[in-house]
Structures are given as C-alpha cells and as structure tokens.
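Swiss-Prot annotations:
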type	residues	note
TOPO_DOM	1-12	topological domain 'Cytoplasmic'
TOPO_DOM	34-98	topological domain 'Periplasmic'
TOPO_DOM	117-138	topological domain 'Cytoplasmic'
TOPO_DOM	160-164	topological domain 'Periplasmic'
TOPO_DOM	186-213	topological domain 'Cytoplasmic'
TOPO_DOM	235-243	topological domain 'Periplasmic'
TOPO_DOM	265-276	topological domain 'Cytoplasmic'
TOPO_DOM	321-339	topological domain 'Cytoplasmic'
TOPO_DOM	361-367	topological domain 'Periplasmic'
TOPO_DOM	389-402	topological domain 'Cytoplasmic'
TRANSMEM	13-33	transmembrane segment
TRANSMEM	99-116	transmembrane segment
TRANSMEM	139-159	transmembrane segment
TRANSMEM	165-185	transmembrane segment
TRANSMEM	214-234	transmembrane segment
TRANSMEM	244-264	transmembrane segment
TRANSMEM	277-297	transmembrane segment
TRANSMEM	300-320	transmembrane segment
TRANSMEM	340-360	transmembrane segment
TRANSMEM	368-388	transmembrane segment
Amino acid sequence: MSRVSQARNLGKYFLLIDNMLVVLGFFVVFPLISIRFVDQMGWAAVMVGIALGLRQFIQQGLGIFGGAIADRFGAKPMIVTGMLMRAAGFATMGIAHEPWLLWFSCFLSGLGGTLFDPPRSALVVKLIRPEQRGRFFSLLMMQDSAGAVIGALLGSWLLQYDFRLVCATGAILFILCALFNAWLLPAWKLSTVRTPVREGMRRVMSDKRFVTYVLTLAGYYMLAVQVMLMLPIMVNDIAGSPAAVKWMYAIEACLSLTLLYPIARWSEKRFRLEHRLMAGLLVMSLSMLPIGMVGNLQQLFTLICAFYIGSVIAEPARETLSASLADARARGSYMGFSRLGLAIGGAIGYIGGGWLFDMGKALAQPELPWMMLGIIGFITFLALGWQFSHKRTPRRMLEPGA
C-alpha cells in the first residue's frame, strides 16, 4: 500500500472519531437550550431564537474567513483553537441567567465553529476520493444521528439535576476533541497550493455558479434548523415533559442508521444529485405544513418521521454537490463559503421561527409558523429547479455518482 493510500485510510478513521466527539459535545447541549430557557425559565422563544441564530450566523457566515485562514496556515491550529473556544462558550452558557450572557456564550460557540468547521470539511474533501465522498458523507450523517441521540439522552438526563452539568459535559467533550486533534492530526495543508487569504476568498466570490447554489440553500436550512428550536418546543408542549425530546432524536437515529446509507447507495446510480436534493426538500416542506394542527405525540412523531426521511434523501446529495464544486486550489475557502446558506437560513429560521412561534401563540394560531416554513420550502424547491436547469448548470455537476 502506498503512503498516500495509507494516509487516506488512517485519515478516514481519524475523521470518524473526531466527528463523533464533536457531535456528542454539540448535542449534549444545543437541543436542550430551548427547553431550558423557554420552558424552564419562561423566556420568550424569540430571545432564544436570537441566541441560536447568532451562533449559526457567526459560525457559518464567517466560515469563508476561517476557511481562507486555514488555507494559509493549515488545519491543525485552527481546529484546536476553535474547539477550545467552543468549550469556553459552553462553560459561559452554564451560568447564563440574562439574555445577553446567553447571546455571548453562543457568540463564543459560533466563533469557535468558524475556526474548526471549514478545515474539518476540507479535510474530508482532501482525504476522501471523489467517487467515495457520497457514501462517506452518508456514514458521517449516520454517525451524526447516532451521536445526536446519545448526546440528547445524556443531556436530558443531566438536565434533571442541573443545566450547568449539561454545559460542563459539552465543554469537556470539546476539550477532549481539541487534545485529540493536537496529538494526532498531522500538519496537513488543505489546498494544493498555499493560497493567500485574500486570493482564496476572491476565487470563491468569482465563482457565480457556486455562490448562487449556496445562497439558494438558505431556504432549505430555514426548515432544517427547526430540529433545534421549534420541534423540541412542540414535543415538550404536547408531551408535558422535556424527556420526550429524546424520542425525537431516537426517531432520527433509527431512520438514519437504517435508511441513509442504503438510500445513498441505491440512488447515486439511478438519480441525478439535484433530483435527490429537491425530492428530499419537497418531503420536508410537505411534512412541515400540518405540524401546527396536531394534537398528540403520535401525529407529531409521524410528521417528524416524514421530515427526517426528507432530510435523509437530501443531505448526502447536498454535501456531495458542495464538495464536487470546490476548487482544489482553495478548498478551505470553498467549504467555508458553502456554509453561508446555513448562516443566512439558520439565522432567519431561528429568529424568524421564534418570532412566528410567539406570534402564533399570541394570536391563537399555532399553525402559523409551520405554514410559513412549508411555503418557504416550496419557494426554495422552485428556485433550485430553476438553478439546476440544463441551460444554467453543467451536466457534470448533476450526473449520478458525480
């Protein structure tokens, strides 16, 4: 086996272990934020939405800067620094009793993510061969789902005792992850050339096809981020207990572990990437529309199940498209900018979703936020269809297995 092949194989295992630690650390804390501050402390949902939206926008919106810096200086220092910064954010969150302190903790958490997320994504593109990326992204997403359930279960159990224990556990996991990277991650370059920060950013911004694709996905992310805000609140409201939230993540894990990889393997040779992305988005949009009208957990979990199936269909295609469009001369910059749609959509989804949720309660129209999200999903579906027309998008990007 050549040294390059050996490095790729070892790199796969490193990426999987690293991803599991990051997912566990994140999901121990973040799914419980809305329950802690809205249901337990009585804050308005929009206040928590601002905090979550701020974290999302800082992490993803500034990702191009984190990626460009990683292109210049390498992945390792950015990843280690970012993970320690997120640990500090979680520690601060544990003592947050005023909105400004929660916002500051989410700012720290997001800034840490800005530093470590783009280089981690670029390492996947660097270490995984193009023909294997779709399946590897599916494995990562299966791992994300399992880690989400384990993290949410652990966080829900700790929340019975003290929210500070929840935050301390998340912080410890990110400190462990920082040590793991500091010890084992080689000083790899992300790009084929050591690209200056400004040059990497310029290269991305001049790629109109990539920019359009990323910005169009903002509507997709407005729906996707509700698993952290409105869906946990809805489950808690109907069940009357935050313990029921763990079953929401259990549903996601079961569906992902049983369906994600088989669907990706089966569909990659039969359907074009844009068809898979759009089909998943359509299912997600349809499942959102009736959520505000359900009256029991069985109905709600059925719709959540449909939402997750849509995500299982869409996510591998979305990640593969983003990776396939990245210029090898500026991988970090491209993968950082690819998060901008999540920054915009996530911020609007959290803040706007929280505001609509409060408004729906005030007007006695609980279906209002869910109807709006469904409509946004349909608009995004049409926008993607327009973008993916043959007149606008090169065929190579869309072929099965691309």
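Heads up, the Cβ atoms here are built off N, Cα and C, so glycines get one too.
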Local confidence of the topological domain 'Cytoplasmic' (1-12) - pLDDT mean: 63
Range from 165-185, 277-297, 300-320, 340-360, 368-388 with most C-beta pairs under 8 A to the transmembrane segment (214-234): 340-360
Contact call for the transmembrane segment (165-185) against the transmembrane segment (139-159), three or more Cβ pairs under 8 Å: yes
Contacting positions for the transmembrane segment (13-33) when only residues 6+ beyond its ends and CB under 8 Å are counted: 48, 51-52, 83, 86, 90, 93, 102, 120, 123-124, 127, 139-140, 143-144, 147-148, 150-152, 154-156, 158-159, 163, 166-167, 169-171, 173-174, 176-177, 180-181, 184-185, 227-228, 232, 242, 245, 249
For the transmembrane segment (244-264), sequence-distant contacts whose Cβ falls under 8 Å of one of its Cβ atoms, 6 or more beyond its ends: 27, 31-32, 35, 134-135, 137-139, 141-142, 144-146, 148-149, 152-153, 156, 227, 231-232, 235-236, 238, 297, 301, 304-305, 308-309, 312-313, 315-316
Selection from 139-159, 340-360, 368-388, the stretch that has most Cβ pairs under 8 A to the transmembrane segment (300-320): 139-159
Considering the transmembrane segment (277-297), which listed stretch of 139-159, 340-360, 368-388 counts the most C-beta pairs under 8 Å: 368-388
